[in-house]
């Protein structure tokens with residue numbers, strides 16, 4: 001190729017050369033397993049959420065008198081509207097399932113350790129943004145569970161000393177959840193996915209600064225191959241399997257994670273007998289309820305994310321992967337079981353023995369992060385990880 005042809009080649013232009021560098025020729029450890037495909041899958045889920053959300057917004061009316069009917073209009077009158085709604089509603093759960101798997105893979109292989117501290121912290125911020133976005137997106141259908149879920153969750157801010165009630169009034173736009181609340185939540189639900197997309201690009205850029213971790217936790221600049229075509233083809237297996245799972249979900253069981261009360265228009269007079277949050281809030285909900293005091297329960301939510309953010313700043317471990325750390329591996333599986341137990345407790349009534357089980361499970365959840373540095377110092381016989 002002549003110099004003139006190289007100058008006008010698309011791959012030589014700044015934007016295309018950047019894409020080529022980060023998506024095609026990006027050097028990747030050759031021993032990555034299928035667990036490393038969930039990051040890309042999460043990006044695909046985010047794109048699906050943004051695209052379906054834009055089309056749904058074309059037919060949705062953010063007004064308390066029209067919101068519920070506009071959702072039914074999408075389901076019944078808009079061609080393909082039922083598919084758009086089910087893809088968007090269940091796509092949020094699919095997105096969070098993928099991200100949870102992505103996080104637990106990072107915990108198992110200690111992907112938060114040096115030199116990828118910033119990558120992990122950005123990921124935790126993205127996870128927090130996702131939860132906020134999912135909560136805000138649960139309000140626009142304006143069913144009974146949407147209304148009362150918004151009322152209960154936003155009321156938690158009243159536990160903040162001095163300014164709590166002012167914050168709640170500001171969130172509501174009045175003295176109760178009403179039209180102003182619906183409008184501002186709908187507007188924020190448009191904005192936050194764009195912030196999520198930007199944060200995801202920063203997350204990707206930070207990852208590519210030092211390269212991906214690998215199942216062995218061993219740093220090497222030699223044993224690497226280009227992402228394309230090798231890992232594109234390998235990840236295709238996971239993407240096809242996920243697409244099949246998601247298709248079965250939205251075509252055969254689209255309401256399996258929904259709540260029947262949300263098919264009743266919002267009514268501030270009757271309170272549902274049991275207000276249950278979406279499944280991705282259940283572990284946090286269980287931790288919140290495990291402390292009898294309202295202010296203490298709300299205060300316990302912050303340490304969940306602070307604990308995740310603090311992981312990279314623990315003392316450096318001699319070996320990274322849990323495959324070589326049986327003590328940490330056992331603790332990890334106990335944490336996974338504990339999170340599943342917290343999820344189950346979160347949807348149970350506030351009564352014995354569920355409260356006691358929730359308190360024990362919450363204690364172990366925080367204990368895991370407190371003792372994480374200890375097993376990391378065990379195993380001096382295994383060669384230390386080097387970043388140079």
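Positions of Cβ are set from backbone N, Cα and C atoms, glycine also.
Swiss-Prot lists transmembrane segment at one of the ranges 143-163, 164-184, 185-205, namely 185-205.
Which of 59-81, 82-104 counts as transmembrane segment depends on Swiss-Prot, and there it is 82-104. Here the Cβ of residue 208 (ubiquinone binding site) has 15 other Cβ atoms within 10 Å, regardless of which shown protein chain they belong to. The Cβ of residue 102 (heme b b566 binding site) has 20 neighbouring Cβ atoms from other residues within 10 Å, across all protein chains displayed. Within the set of binding-site residues 88, 189, 208, the entry lying nearest in space to residue 102 (heme b b566 binding site) is 208 (CA atoms). All protein chains shown were included, and the count of other CB atoms within 10 Å of the CB of residue 203 (heme b b566 binding site) stands at 21. If you take the Cα of residue 208 (ubiquinone binding site) and the Cα of residue 88 (heme b b562 binding site), they are about 30 angstrom apart, rounded to a whole number. The largest share of C-beta pairs under 8 angstroms with the transmembrane segment (231-251) comes from 82-104, of the ranges 38-58, 82-104, 185-205, 295-315.
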